[in-house]
């Protein structure tokens, strides 16, 4: 993105400029729970904001200033949200007055304020509102206070205090009434679960919070609206269907009321235009549904709340402990291993859901097969439960028949519905893993499995007395595969013997854990790895197109190593074009006329500048590339793009940030005359008096003595930096070794090189019309004004050759004229640029380029939404510094502080 330079100065040699560091966003989460008592209050656990943007890179002094600013912003917003503050105050005042802080409201208070079928039956209508003003205990009060402040302040700040009052009453009162009504109606059936709930009361503010959040989503963009609604409703439904407490039902009722009320009363009427959302959103939705089938049983297992209608599914995904490990170290390890083997099915489903979210075909097949297995196991479980109930005389009671059917049917029905869902959406999961990924995974698993198998047999043969009964070698060989089954599944196949000694117990329990960990980690790695097949001919094809349409400053960077290529061909007749995936053959008569250079880092497809294409095809090519990324399960990130691309992505409903300022020198009438060019003229004049001249050459053809000096200058610069030499858009010696790149050196009469610059060509219609500065280094003890001399000489020489412009490339996180009113992330990036100045010299680089009186052109980072910025930041950082060590990180932090 920028030439690897900092401005020359007596105290600091010229060198590369870095890229913006990763952007981290604040976030938090909370898990609400209820208890099956006469009153079922909220309880929970939460985590507050994790970090501010880039806080991990700020020195303590500057971080304190940033934190203070954040606190002032929060206080300012809080003063504009009085309703939220009053709600929080009432919550705590009532808790103190009624003595509810330690353990929630007492019995008499519960009866007066708790909501449920009994309270409405006795005409205590006020409980529809008062139930939201109490909580379970001190920890729960603290958690719901944080949640209420976050959601309430955001809602009230956006929609105003009057609407905050109206929607608070609406979602709390009507939402609670809807939940109680659903319980009352369901209890009329011969169904034990709602009949149990109909006897309870509940308190807690989480229904209000859920309702406000779904209502608030109505005014957001389509992506955030969908995410908040899917997220909130998924959590609510999972808690209802698996936990099954009264508060879970009330929370779901309030969320639905908020959703409906927001859609009717708060919708802004705007519909953000989306690019290729159907396939991506289908994948996300399927992944969420599949993950929910596993998260529900985990909730049941961890909370012990198993009253929900789908709670029986917990036996499919979470098994029971199969051993009594005893005490000591062996017992502790065996206990952990036993727990892990209990949750293997649930964790495996979550791993596969991660692959489904990325559109992986292998994840689709694995999920399909696994849920077919779960269907068979679920049917076996259902028949076993049926036989047990019949033997116990439960079925003859008559009044519980419907409850047993409702409880047993989901054991086979839910896995079957997941299978149907996968079959219906099969076309959305076609992304393949890199070549040989699963062959390598199979080899790794086979190696580990064989080693552990042999170990198990050896231990069993040598210490047969540690098993009960003592097994034979053949029994040990045949038994080991059974040990890989998760807890709860062994009842299908009798293992025949059990470990009783410490060593036997340790090997028997730990070996399956290691095997499953290898499988799961290998699957996750295969799901995140990108399949990119870049052939040598692709780079040749890209270079040919570059010579026709590579007019932008960074276009030549697309030829560098590390880039992959996506080609696009125009469709005969009207149409936007047809994409060609990574070098795939194009149809006859439709040769590609455009390409995008990119690299995939952590699931983010990062482009190198603008698409290279005819100007009239830029919108179609950009859109097609975004669609291609969506099909591959990647997040597109258009990096260091021009204003033209930003305008196109604005039409997609995307966000953008200015990440650099390109400096361009028009050469038409350039003359370094006048006071404003005094520094340039002085440097050129001093160079002449010192016997220093500018000499053009091609690095591959340069004399060995000159090449050695350039290498030495570069190595000297690298050794003086806290960071290693970077790549991606920052060229080094490897990029210099290109016949098409011109090198200008400053050399004296003794053939000593004082400084070196490299210039990359910019093409239009097969002709070179401009040059872009890339590599820039100077000897630390050399001529002090060598950079001004080299750039000034290059401008005058290339002007004589007929070039139209020079691009001095960009300075990241620096702007010539920053907007004092800029807000949000852009403002934080400005602050981050100032913070990183000691290491990178962003602003000093821009000030140095200002000596040439350039034209400033912004360079942008264009991305689908702010939520993906942390991943994009990490991806870009890894692209620039793939091999950065901990020691180099510490050195950099030392320079910052």
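Counting starts with 1 at the first residue shown.
Yeah, the Cβs are placed from backbone N, Cα and C, and that goes for glycine too.
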- Task: Tell me which range among 284-305, 306-327, 526-547, 548-569 TrEMBL lists as transmembrane segment.
- Result: 284-305
- Query: Among 57-75, 114-132, 228-246, 475-493, where does TrEMBL put the label transmembrane segment?
  - Reply: 228-246
- Query: Which one of these stretches, 29-50, 403-424, 579-600, shows up in TrEMBL as transmembrane segment?
  - Reply: 403-424
- Item | Averaged pLDDT, computed only over the residues in the domain 'Peptidase S54 rhomboid' (123-265) | 92
- Note on the structure: If you count CB pairs under 8 A between the transmembrane segment (445-464) and each of 133-155, 167-189, 403-424, 503-524, the winner is 503-524
- Query: By Cβ distance under 8 Å, which residues at least 6 away from the ends of the transmembrane segment (363-383) in the same chain are close to it?
  - Reply: 290, 312-313, 315-316, 345, 348-349, 352-356, 408-409, 411-412, 414-416, 418-419, 422-423, 426, 429, 489, 492, 523, 527
- Which listed stretch (167-189, 339-356, 403-424, 503-524) has the most C-beta pairs under 8 A with the transmembrane segment (284-305)? 339-356
